[in-house]
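What TrEMBL lists as NADPH binding site is A:Lys117. What TrEMBL lists as L-homoserine binding site is A:Glu202. Sequence annotations record features per position, and here TrEMBL assigns active site, proton donor to A:Lys217. Annotation source TrEMBL lists domain 'ACT' at A:371-442.
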Protein chains: 2
Amino acid sequence: MVETTQAASPAKQPLRIALAGLGTVGVGVIKLIEANAGLIARRAGRPIMITAVSARSRGRDRGIDLASYAWEDDMTALAARPDVDVVVELVGGSDGPALVLARNAIAQGKALITANKAMIAHHGMALAQAAEQKGVAIRFEAAVAGGIPVIKGLREGAAANRVERIFGILNGTCNYILSTMEDTGRDFAEVLAEAQAKGYAEADPTFDIEGIDAAHKLSILSAIAFGAKIDFASVDTQGISRILAADIAQADALGYCIRLIGTAEADAGPDGTPGLFQRVAPHLVPVDNLLAHVDGPTNAVVVEGNFSGRLLFQGAGAGDGPTASAVVADIIDIARGMDTGFEADMAFSIPVDGLEAMAPAPSGHRIGRSYIRFLVADRPGVLAEITAAMRDAGVSIESLIQKGQATQGGAVLVAIVTHEVAEAAVTEALRLLDGSPSLVAQPLVMQILGN
Amino acid sequence: MVETTQAASPAKQPLRIALAGLGTVGVGVIKLIEANAGLIARRAGRPIMITAVSARSRGRDRGIDLASYAWEDDMTALAARPDVDVVVELVGGSDGPALVLARNAIAQGKALITANKAMIAHHGMALAQAAEQKGVAIRFEAAVAGGIPVIKGLREGAAANRVERIFGILNGTCNYILSTMEDTGRDFAEVLAEAQAKGYAEADPTFDIEGIDAAHKLSILSAIAFGAKIDFASVDTQGISRILAADIAQADALGYCIRLIGTAEADAGPDGTPGLFQRVAPHLVPVDNLLAHVDGPTNAVVVEGNFSGRLLFQGAGAGDGPTASAVVADIIDIARGMDTGFEADMAFSIPVDGLEAMAPAPSGHRIGRSYIRFLVADRPGVLAEITAAMRDAGVSIESLIQKGQATQGGAVLVAIVTHEVAEAAVTEALRLLDGSPSLVAQPLVMQILGN
């Protein structure tokens, strides 16, 4: 520990920020830096000063005064400006101008901060490696779970632990839709339309409701937690669009709520080959689980460490204020001097070269309980057919509920909860039933989240 | 952003640790560093190596082999050893050898890591100032909320925010006792004895059950959250020893659980004078509150930021593994290089000289709902006397429950929940009743935690 003297510290110059993207989050960052300027300067050790901004449209009224910031029509040119130390990318999109700007920033030897989960999920390894070579920081706290400092919590707070599992609610739109369906008994399409009207869901909601956004975030967390190279393509991803109000009612009657859960763990697989299991899918969550009381557009992540035990991080998963809070936390870290030397290498906790390329773990051997929902024709023999398939596949049934009357377009709902069984057995049972004229829709399988 | 080259980095030498205190936590730290050595070295950028240890008794069997570590009989001498870079103090006690060792470490220009909440609550300002002058780090993640990285979350993760309030469950012993009373219907003394037998409570439980331990932790969090000098002496502190099984049953019937809550906020007071409100006391927690489902020896802290909204950090509040996880996280931060330059000044987020000496905020003007429990003699006129006092003090009653029969040693329980009212009015009502022969015990007042 060498003594450092304050007089020798160069840390009193303002840290100069270029901001690309002036949507909700970009405007939130400007508002935050203006509103909390004094305390930020005290905590950062120097003022944080936005010097230049850029967005697709200059003229749009954003409700804030941009006159004191230089404007660049070409956002990718922000990185080369001599009055910029740190580039903040809030444009979005995995490629395109966001990626060009990110590459430019690093090439110019400037720190990069981004809220862009898609870009990090697809290009995070290459960007982090380039940043390491340049000795600059790349930070993306806002890319996962909005305002919750979960990347810091995992990379630094839990750094002493071998992580055994991470699981969480990573998409606020889905959580809003599912908890609203639960509260109101209404169907998916209706609640989605309302979420779009309220601004909780986008005009094209595909990335959210099909689990892709959550999979982006999970793949980033997995890399940090398990020391693995990001492998977004291998995340087993299912969305929530097939969930019926009747599923939610059924789950509720059994003591569960339904949530879109991302889960990842290192899994040696049936033959002992090391692998990384990553899944985003709707799960039945027992009411006594940490995640069962996470309602509305909230995110929550549980990190299971071999010494820490379970750590829960919870808060707003989106929104201008929370996301801006995460972006500016990254800026303050850099202002404080946490981007020099080894710090530049720790975007994913260890240098990129040290991250393992872990094979995707198979899931068939995984033991758990499942909820299986059938929509069947209302005629004799259907239950016998389903239960025979379960028996033949070795799936033991814990409970079976058949609703007395046809509710779903003339079909009858049959819901089964299995005992603990390998996932492959459930798959086999459904294969045996495949093509049966008794089934009027593809069955829906949801895992029950284990404690 | 100046480019740094890896070759020039001195960060590949092992970081050498001296460990004072070999109780549960100290042994946990050794076990963790041994068990996770490989991944810690990868994440820290260099190996973490314990070189020397000390404790009160050398001979005691601790279930681990200490042969590879140098032993010092005088723990305060650890700091001067040339083979030590970082001193980890796990001895405990606000003064005595722990404090001498802490001062020695800083005087020797070595980083200090401690889990000692009492020492930080009493001497944290002087220690941090000495550390700043020496340019060394002082870290104490393990001093608050066990394994939960809440100090990091507050100091770094929420650094962009003006904090509006912090509140949380900061003592696992009290939370275990209260949630067990709730689950079993048993009385305080019986559950405390069981907690002692299970190791969840100490032989002398005073610091835990009287709220002192939680007040230590709250005063540390307050300093970071509000940029205030630590003021442990001003924490309004009440314990849980007067809570009856009947209070818990009553609260439950009204839709609340009872938890020991620490809460702090900047409060301008009735005359506009800036002040810091800090209280540790049992509260009634509404079942829909974030903290209502925190059971057993768990801790949870909510940080309310002006941009982040509510952030919840939850996990194990004590225990060897979780506490060791927090201690080693601090070690890894230092190994990564986060203790140089400005970083050495951020133990409390800003340098000690910049922390305000905030006056304690008065509480009489604070508006809230209260639960007031009386034990009264079973005779006519008692209710009239109580309700008249409430009326005369301007306290409006939302609900009043009198148990039909005498249950507490011949006394009858009367529980009142007030409408929102200034705390001073409740105090006045109780003053009016003071000395009344109708009351067979001092009334118990608990605030209802506001959302």
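Cβ atoms here come from the backbone N, Cα and C positions, even for glycine.
Feature annotations (TrEMBL) mapped to structure.
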| residue | record | DSSP (3 states) |
| --- | --- | --- |
| A:Lys117 | NADPH binding site | helix |
| A:Glu202 | L-homoserine binding site | coil |
| A:Lys217 | active site, proton donor | helix |
Chain B contacts among the recorded positions A:Lys117, A:Glu202, A:Lys217 (Cβ under 8 Å): none
Around the Cβ of the residue listed as 'NADPH binding site', the count of other Cβ atoms that are within 10 Å: 28
Between A:Lys217 (active site, proton donor) and A:Glu202 (L-homoserine binding site): CA-CA distance (Å): 18
Same chain, 6+ residues apart, C-beta under 8 Å of the C-beta of A:Lys217 (active site, proton donor), given in sequence order: A:Lys117, A:Ala121, A:Ala143, A:Val144, A:Ala145, A:Leu170, A:Asn171, A:Gly262
Mean per-residue pLDDT computed across the domain 'ACT' (A:371-442): 92
Number of other Cβ atoms within 10 Å of the Cβ of A:Glu202 (L-homoserine binding site) across all protein chains: 14
